[in-house]
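S.K.: Below is a structure I'd like to ask you about.
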Amino acid sequence: MKRFLLCSFALVLLYPAGIDMYLVGLPRIAADLNASEAQLHIAFSVYLAGMATAMLFAGKIADQSGRKPVAIVGALVFMMASLLCSRASEGSLFLSGRFLQGVGAGGCYVVAFAILRDTLDEHRRAKVLSLLNGITCIVPVLAPVVGHLIMLRFPWQSLFYTMSAMGIIVGLLSLFILRETRPVRLAPRDLSRSSPAAESLINRFFVSRLAITTLSVSVILTFVNASPVLLMEVMGFSRGDYAITMALTAGVSMVVSFSTPFALGLFKPRTLMLVSQGLFLTAGVTLSLAHTNTVTLFGLTLICAGFSVGFGVAMSQALGPFSLRAGVASSTLGIAQVCGSSLWIWLAAILGISAMNMLIGILIGCSIVSILLIFSVTPNRSVAEHEEIPYQSRP
């Protein structure tokens, strides 16, 4: 079991590392490529577009051909794309490399969740996904620091050499440590009820959890996107103050994420999901009424706590109905989360909504819709029947 957890964590970490590690070198990259920082900021959207593109195909391929081949290819693509970025001499080539980085990270991301669905029951999976969320929160804090230390002695290309090395490590783990977990066959008693056709993506429970997780990701990405404006322009923080504040909020996320597995031993998953949405609602109300920086910071802290306590649980429930189509389900969740959050941020920008109102709107909207879905759509017998790990996996 340890090998599956190690490989899943490594596969997931390529995604945030690809986003955060290069940011510290952006001014120097822009200067060397004769591009403005504003032009290169589109690299974030290009990276997410690459992830979404990979997710369209990676899940189905993983269900048909296996988790291991997709993981190896994804890591290889990430490694080669990182080298392409390091060799870029102009902006378009750099953006092409960023897109391919997203493709590699997206394939690995999908496979990681499929592996956890294959190997863990609902209770253990919810705990592991909460821990995974906590570990993921470390990357946005550590990656810029590591990037800064690297650039003290080496050029910006070394950032992408480092990411390329990460791709190699993940590829080697996938090749030599990871075992195939795609279901080969089910027990005879399960054949009548467990088939790819029976595991439809269009069922009320899955759609409800897809909506909850998509709205939750929209909240956290809106917070990340709006935080520079809120903290440095509206609240008057310096860059140093901003970095410290974001590190503290990441610390809150880590503490709550690592505490959630213990909370699952005391409370039902539904209770934690309601607590999560209650924190979002409280954060939205707090930010709308805040007149001091202290109150605003308290509201921002509630956002991080709310996301950390509920997201892993909701993701675990969303994957529960799928024993044979875990890859497709994971892809669908990833695509919805990436595209849904990007759509909200884009629409808010087009409509001229301020950073604070953008954040308040998604907090209140997410909490109300999610609470209604949690109360109105509960796991039915069909979902419970599919909630089991595969009978046999390949060695």
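One is the number of the first residue shown, and numbering goes on along the chain from there.
For all residues, glycine too, the Cβ spot is worked out from N, Cα and C.
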S.K.: Quick one: does Swiss-Prot have Gln64 and Phe205 on the same side of the membrane?
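M.R.: Same side, per Swiss-Prot.
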S.K.: Check the transmembrane segment (4-24) against the transmembrane segment (247-267) for contact, please; criterion is three or more CB pairs under 8 Å, pairs 6 or more apart in sequence.
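M.R.: Between the transmembrane segment (247-267) and the transmembrane segment (4-24), which are separate recorded stretches, there is no contact, as judged by 3 or more close Cβ pairs.
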S.K.: Which listed range (69-89, 247-267, 271-291) shows the maximal number of Cβ pairs under 8 Å with respect to the transmembrane segment (131-151)?
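M.R.: Going through each listed stretch, the top one turns out to be 247-267.
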S.K.: Using Cβ atoms only, state whether the transmembrane segment (42-62) and the transmembrane segment (93-113) have three or more pairs under 8 Å that are 6 or more apart in sequence.
M.R.: yes
S.K.: Before we move on, state whether the transmembrane segment (247-267) and the transmembrane segment (295-315) share at least 3 Cβ pairs under 8 Å, counting only pairs 6 or more apart in sequence.
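M.R.: Yes, since the transmembrane segment (247-267) and the transmembrane segment (295-315) share at least 3 Cβ pairs closer than 8 Å, they count as touching.
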S.K.: Per DSSP, what is the residue tally for the topological domain 'Cytoplasmic' (316-327) in helix, strand and coil?
M.R.: 6 helix, 0 strand, 6 coil
S.K.: Same chain only, please: residues at least 6 beyond the ends of the transmembrane segment (93-113) with a C-beta under 8 Å from a C-beta of the stretch. Say none if there are none.
M.R.: 7-9, 11-12, 14-15, 18, 29, 33, 35, 40, 42-43, 46-55, 58-59, 62, 67, 70-71, 73-82, 84-85, 87, 160, 163, 167, 170, 315, 319, 326-327, 330-331, 333-334
